[in-house]
Amino acid sequence: MGFTHFLLLSTLSLGISVQAQSCSRPVGRPNMQLKGDDILKDSFPDGSTATFECATGYRSDGGSGTVTCTAGQWSLLELSCTKKNCGSAGDVTNGEVSYPEGSLYGAKLTVKCNDGYMPVGGSKNIFCRDNGWEGRLPSCEVTTCSPPPPISNGKFIPVQEEPYNYRHSLIYSCDRDYTLNGTSTIVCSENGQFAPSPPNCVKVNCEEPEIKNGVWVQGARPPYGHKATVTLQCDDGFVMEGKATQICQINSSWSPGLPTCKTIPTTPKTTTTTTPTTTTTTTTTTTTTTATTTTTTTSVKKPTDKEGPSGDAKNNNGWWALILIPIAIGSVAIGLYQYNKKKKSNLKGYPERVPPEDVQLS
């Protein structure tokens, strides 16, 4: 009897101990959070409750957000939460409101004004927040552009003090001897600014297009203004590297760039020199020697160059012939003269021959 009573008490104590077990902090779904003071608790005693609510930007779709701790276990959470929908933000006169990201929590809307109108006031970025669209829609007003500043050495038309309307055009021109650098016409654009940027007036004066070993042959003469065109040419014996035709640009420089004149390269020339054959004879042997020498030279021929060694050798042979022939003729004449003189002197030793007298016959 005593043992049975002890066993019964032990079982009851164990049951009470299990039933009294506490619960740790409950965890809800990603789009919900604990409500009120429950978010500060780390442990909940057996039998206590905790309440969930939808997170910021979400709303309840139904179901209870309260759970109960029983013997260390939480009951099933029935709350369902979905993103809030901000709906329409309203309309804009002379413009359009669009929702490229939708209208749920976190989305961003855009406002586009009609052609000829521009947004004025309002918020730059409008997002869907917990309490609806955050920010104020802009209004769409007629687009105008403020008058541009004047330009040096030029002007634009028409000139007016009040703003220019959308798509109004201005035309620029420069004073005498100045050139317009940029677009002559600008237009009041949809963002309230003239486009493209206003031009400016510059004085263009390219330098004399002088090149070494080259000359001007045709085209403009100084002063060289914008788009002045010249043609250059290299001297004889030189070849051009670059473009012969040059145009004066807005920055007072020649385009595509002054050329250069380089010396015309020559191909290698091969010269062969042959030494005349010489023969040497003695009482024992006869030796014949022939020598041939080949040399390669590279030279640049100029208009004033004289003939090479071969031409000089031929000219020397001609001069020797002119000198030796008269000497030979003179030697022959002197020899004949000496011969005749000697012959006459030999004849003086003999008596003159007298023809015989006639003999009278009796």
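Yeah, the Cβs are placed from backbone N, Cα and C, and that goes for glycine too.
Per TrEMBL, the residue from Cys69, Cys81 that shares a disulphide bond with Cys54 is Cys81. Candidates considered were Cys206, Cys234. The record in TrEMBL pairs Cys261 in a disulfide bond with Cys234. Checked against Cys174 (disulfide bond), the disulfide-bonded residues Cys54, Cys81, Cys145 differ in C-alpha distance, with Cys145 being the nearest.
The Cβ of Cys201 (disulfide bond) has 19 neighbouring Cβ atoms from other residues within 10 Å, across all protein chains displayed. Away from its own ends, the transmembrane segment (319-339) comes close to no residue of its chain (no Cβ-Cβ distance under 8 Å at least six residues beyond either end). On its own chain, Cys145 (disulfide bond) has Pro163, Tyr164, Asn165, Tyr166, His168, Cys188, Ser189, Gly192, Gln193, Phe194 as residues at least 6 apart in sequence with a Cβ closer than 8 Å to its own Cβ.
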